[in-house]
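*Asks:* One structure, pasted below without further comment.
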């Protein structure tokens, strides 16, 4: 019996041991299979090869096939793998590869970088008159430039609704001879949809399809596999930049007037690279590549990244790479700053060759009256024109009708937080405590609980959203508190919500929009961003009826830096029409140095948002765009492609990587922060004791001019200008000067302080914003 037990025990030990060994091998096999599957799974990668080596696009494409065929084994496999060849503005391709294949491609000669594809996000009747471009005046940039005639603006966005009256070609001149683009056909879009205004359209979807792993048409109920816009964003931005004249345009009767773009006689080329889920790097790069080859003069791209940002030579920043090649070809690129304000360091599109635009308000509001039962009338804002429930109605505060008294979510009317029995038939007052809780969410919550109206109290966050279910009015905390005081005092509080009406010229403006992303740049703090601000709040422009979910909607009110960007793109097109030989840097300089820092009340521009403080250069860059002064700025700060190359050197990129951006071998001369890039601003993020900055100006005004320096030094900083007088004549058109900065702060670690340097001849005032941060500890610097 004992022997049998011992034998059984030995067998059990042996069996357990063998079982462990089997499990170990099974786990190893499973791990090997998993790793093999990961390596075998293909994804789209961007293979970036820098500046093209061949002028012939077909030869460039063949070189891509040859490179990839050495890895995949045949040209047929290479052709099947490649989604796009980039062969016009630069060289490279997007291909479907496994991780292992991508790693091997990165080692091939001529390949700069291999990066995975990723998604970026999408970031009018009154605004043009507000900034001084009155179409009825004979003395402004609009008329002097003949409204942008002959220039081509390329818009990289969600496409276009070609039937919009904003894209009619009445009065538009012939297609420019330098145009080489096409009108690409697709779903519900054919060549007849293009005309002398809308001269070209393309669409790009391969990168997005690979990212979402399903057909595009599954991402929403309606999408078009063509340049046709199903969202509305691209139609809106394109019509802001260069929409033709449309009389009596409005949004449901609001903001009625003459709609037009900044350059109404300019031509438009549409590059649909964005869809409901965003924009793919692969498609954005292809859009840039095609736009460069097609012959556009200006590119408007209202798209960007979230922080943390990628470096400018990193292929994951497709906008920085694509725009670098665009400006190298003389094309001005205008981009949006992002909508993550008012938090600092949220600015996107920070590459120094881009024009980055923040958003401001204009002097127009849509007022709606709130009449209380005590005959007191208070005012809010609304774009809701629904006719239902506009008489006196019971009024209550959301906290009083909470579904759960222990849950504070009823205060701002979050979904499911209200008692349906107590809310039924009443107007509900809600207090939002954050900018992320939107009026639309509160509207749904109130309507689902049986409420018939909404008063939404929120700090001054810009931009109005339409309410489709019940009447809605937005108020600030002061008005909201007055209404709440009435509710608490009245035995049976009631209110009546009035219809909105358009009111112009009654408010101080512009103000920097609360949502507009702020500097300093987290990637290159020595480059001041944004460059400037422009109208971007409640802008009326053309829209897609599919995007509006209402076939009667032809024009919509939209807010965002996406709307500010095409304002500046349109102005850049006007300047290009007047000054055909100006570089992108000269156009940017003219816009930045002539921008305004003052509101309609003559005081400094303020920002909207929680603090409501005076705006500084990290809020508005050089200031609010002033197109008429930008036409003749007096002096400009020019920058060459080589200057940008040395700036990249200063950021620590090696010679070989940067050489692939140019046709020449790069030898880096700058190391550490480069303060001497010839920007129309000066930013020193880590001034320890002293620093010297050099700038060079080119006279584009009167031949014989004398400019004197006017200095407003930042607090705690001394400035010395050498020379203090610039004398220009026929032989002297370009002059350099130095600015020496000295920190007077001895015992504290400083924060940014702001000042300016203005060169004036008595007629022109060429102003550069200055931002200085005095530091005492090396570990705290940005070096």
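Including glycine, each Cβ sits where the backbone N, Cα and C put it.
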*Asks:* Pick from 21-38, 39-56: which range does TrEMBL record as transmembrane segment?
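*Replies:* In TrEMBL, the transmembrane segment feature sits at 21-38.
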*Asks:* By DSSP assignment, list the helix, strand and coil residue numbers for the domain 'Inhibitor I9' (44-123), in that order.
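*Replies:* So the counts come to 30 helix, 25 strand, 25 coil.
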*Asks:* State the Cα to Cα distance, in Å, between residue 562 (active site, charge relay system) and residue 233 (active site, charge relay system), rounded to an integer.
*Replies:* 8
*Asks:* From the Cα of residue 233 (active site, charge relay system) across to the Cα of residue 157 (active site, charge relay system), what is the distance in angstrom?
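*Replies:* Given the Cα positions, residue 157 (active site, charge relay system) is 7 Å from residue 233 (active site, charge relay system).
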*Asks:* Take the domain 'Subtilisin-like protease fibronectin type-III' (676-772) and count its residues per DSSP category (helix H/G/I, strand E/B, coil), listing them in that order.
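*Replies:* Grouping H, G, I as helix and E, B as strand yields 0 helix, 62 strand, 35 coil.
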